[in-house]
Amino acid sequence: MGSAVLAAPASPPAELRLRPLATWPVLTIAGLVAVAHLVTSAFGDYWIDEVYMLAAGKYHPDWGYVDQPPVAPLIAAAMDWIAPGSMVVLRLPAVLATAAGVVVFALLAREFGGDRRAQVLAAGAGATGLWIAFVGHWITPYTFEPLQWLVLSWLLVRWIRTHRAGNGDDRLLLVFGVVLGIAAQTKVQVALLCVALLIGVLLVGPRDVLRRPMFWGGVGTALVIAAPTVLWQASHGWPQLQMAEVVARESPMLSGGRSGTAVTLVLYAGVVGTALFLLGLWALFRSAELRPYRFFGVATVLLYVFFVATAGRPYYLVGLYGVVVAAGVLHLQRRREATPPRWGWAAWLPYLASAALAGYMLVASTTLSSLFGAPDSEQVARDTSAAYTALPPEQRAHTAVVGDSYIIAAMVEVGRAEHELPEVFSPNRGYGYFGPPGEHVDSVLVVGDPKLFQEHFTDVQLVADGEVDVWLATGRIGDWAQIWPQVRTL
């Protein structure tokens, strides 16, 4: 049964022939999204994960990190090298990825047989998704991940459609492997997507894809591309697996726990996107026309249940919105073709509401760091530099800065470009794996809470009180090689 759905008819039916691409409407929507995010990117401070990406890529380039692969940090470092200190340039790759995702929404609808109107509806849903509106200009792994999942979905859908039409090209599966490898170097959740898709294919087909040599060539290509970060994780004891516990602990704060995650996993699609997502999921399981793509529905349900059960992040399903929404707009198209609506123009009203809410989320993103209680990054670096330069020169030579969290450490380290500061360390998250200070460092300026270091130094004194306090710890007790494992946290 799994391979039967790929049997090519002598003359491909209409639904297997591509409709004209709604080029200008789709590009206009994508362009508006790009402009909106580009303008917004000039405002506000670094988002907490952005400043970490920049610090990690610029000062600690590596094949992997405790909490993510290296793509986003390296992109951040590259953009800062091109235009040091420019927030707009730093965020440009994220803006382009977000706009490109809107286009892929439309391309997925087209592959399913969607006409120009269906493509525009899909693009509009992609443009007004709440999560994308929120983070679409941030240089973070979860900004690039949705585009990668969208492209992976498009490659599979196109491979299936073209094989059913009799003009398939298995090289699409090799390209799938390349994109998969890059996605694995961006965010590890793509491995869960692969598992869910594989289960879906085994349950409902098309199993023929598993017999294609190019498929296994694609798998091999993906493994080769992903190998550096996999080897890094293996050599460091697989810390990424421990991050699952951290994510679960943070779930109540970020999404209200499992119940909140269950809701936001869907609602982040936006006003229109949520409706089309639910409709598309129903269509994937019920529509005979979409039967060859039913494995996407199975994968979506499996991932939804898994992410709720494990208290995952509320945005983990965003990358699958495109293919499911595309199924939804196709279902609407078939209803429209069967019974032309009397009030077709009214369908655009929900898009206005969706765009308005997305616009609100876009504006709100500029103040999110402060809402989370994050301090101003420039002020943190300035205060720390003032405390450091106030020390006697002979003491400065043996003093390092230690942030109580990876966020604070990243803020200070990025500030080294503008302020006089020594090396920056932190026992928290990825910074904990960057290593401790050298043995010549016998005093540290602790930025934030000093409690982890109080038992390892004979004297800890407050030297600057501001948004974030700065403490001078002197009289180190023991070697750093002994201290660091005791204070390191995720």
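Placed from the backbone N, Cα and C atoms, the Cβ positions cover glycine too.
According to TrEMBL, the protein has these features:
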{"type": "DOMAIN", "residues": "67-232", "note": "domain 'Glycosyltransferase RgtA/B/C/D-like'"}
{"type": "TRANSMEM", "residues": "21-43", "note": "transmembrane segment"}
{"type": "TRANSMEM", "residues": "88-108", "note": "transmembrane segment"}
{"type": "TRANSMEM", "residues": "120-139", "note": "transmembrane segment"}
{"type": "TRANSMEM", "residues": "172-203", "note": "transmembrane segment"}
{"type": "TRANSMEM", "residues": "215-234", "note": "transmembrane segment"}
{"type": "TRANSMEM", "residues": "262-285", "note": "transmembrane segment"}
{"type": "TRANSMEM", "residues": "292-309", "note": "transmembrane segment"}
{"type": "TRANSMEM", "residues": "315-332", "note": "transmembrane segment"}
{"type": "TRANSMEM", "residues": "344-363", "note": "transmembrane segment"}
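Between the transmembrane segment (344-363) and the stretches 21-43, 262-285, 292-309, it is 262-285 that has the most C-beta pairs under 8 angstroms. Most Cβ pairs under 8 Å with the transmembrane segment (120-139) belong to 88-108, among the candidate stretches 88-108, 215-234, 262-285, 315-332.
Of the candidate ranges 88-108, 215-234, 292-309, 315-332, 315-332 contributes the most Cβ pairs within a distance under 8 Å of the transmembrane segment (262-285). 215-234 is the stretch from 88-108, 215-234, 292-309, 315-332 with the greatest number of Cβ pairs below 8 Å to the transmembrane segment (172-203). Same-chain neighbours of the transmembrane segment (88-108): 21-22, 26-27, 29-31, 33-34, 37-38, 41-42, 50, 54, 75-76, 79-80, 82, 119-120, 122-123, 125-127, 132, 135-140, 143-144, 146-147, 150-151, 153-154, 157, 321-323, 325-326, counting only residues six or more beyond its ends whose CB sits under 8 Å from a CB of the stretch.
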